Amino acid sequence: MALHDENVVWHSHPVTVAAREQLHGHRGVVLWFTGLSGSGKSTVAGALEEALHHRGVSTYLLDGDNVRHGLCRDLGFSDADRQENIRRVGEVASLMADAGLIVLTAFISPHRAERQLVKERVGHDRFIEIYVNTPLAICEQRDPKGLYKKARAGELRNFTGIDAIYEAPDSPQVHLNGEQLVTNLVSQLLDLLRRRDIIRS
């Protein structure tokens with residue numbers, strides 16, 4: 001922390017998280033999608049957001065590539081930069097959940113420790129870790145961005161799943177089979193949100 005941080009204080013505001021959630025008609029939570037590149041994180045998260053939007057739910061999707069065009073454009077792919085990338089996204093997601101939104105995030109987020117830090121920042125009761133479990137061979141077959149091909153050719157270093165480790169969640173709240181149809185996965189997630197009384201529709 002900076003030396004002047006003792007002069008920076010937290011300001012409480014009259015509008016509470018509960019009041020915002022009441023206005024939206026649902027709880028504010030963070031749905032944290034994690035998995036290998038090509039596992040289907042962004043696809044499933046996007047389909048779920050669309051389904052929630054059609055049900056009148058206030059949402060926002062934070063996508064790994066998109067945030068690197070602005071919020072994290074100064075970061076590379078070193079371990080330190082990846083950690084900072086996830087820290088920033090976690091802070092933004094927490095603020096959005098405070099605003100009463102259902103926040104969907106689609107990030108490889110390969111390390112358990114980083115995901116745990118976000119969980120602690122957001123709050124255990126507002127953080128749902130969703131592991132999109134797709135075999136590496138399937139992810140390579142999909143390879144929508146051609147990244148695996150580059151990594152195998154040695155043109156892309158420190159690529160998760162090839163020459164950088166991915167630490168699968170030990171006990172995710174949701175474990176999805178990434179080889180299933182997206183519509184099936186979305187149905188599973190909607191059922192979960194209803195069971196947990198996060199949404200009502």
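Quick reminder: no glycine exception, Cβ is built from N, Cα and C everywhere.
Model, not experiment: these values are computed from the prediction.
What Swiss-Prot annotates here:
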type: BINDING; residues: Gly35, Leu36, Ser37, Gly38, Ser39, Gly40, Lys41, Ser42; note: ATP binding site
type: ACT_SITE; residues: Ser109; note: active site, phosphoserine intermediate
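Feature annotations (Swiss-Prot) mapped to structure.
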residue : record                                  : Cβ contacts under 8 Å, 6 or more apart
Gly35   : ATP binding site                        : Lys41, Ile108, Tyr131, Val132, Asn133, Thr134, Gly178
Leu36   : ATP binding site                        : Ile108, Thr134, Leu136, Cys139, Thr160, Gly161, Tyr166
Ser37   : ATP binding site                        : Ile108, Cys139, Lys145, Leu147, Tyr148, Phe159, Thr160, Gly161
Gly38   : ATP binding site                        : Thr134, Ile138, Cys139, Glu140, Arg142, Asp143, Pro144, Leu147, Tyr148
Ser39   : ATP binding site                        : Val132, Asn133, Thr134, Cys139, Gly178
Gly40   : ATP binding site                        : Val132, Thr134, Gly178, Val182, Leu185
Ser42   : ATP binding site                        : Phe33, Asp63, Gly64, Asp65, Ala106
Ser109  : active site, phosphoserine intermediate : Trp32, Thr34, Ile86, Arg115, Val118
(message) Going by DSSP, is Lys41 (ATP binding site) sitting in a helix, a strand, or coil?
(response) helix
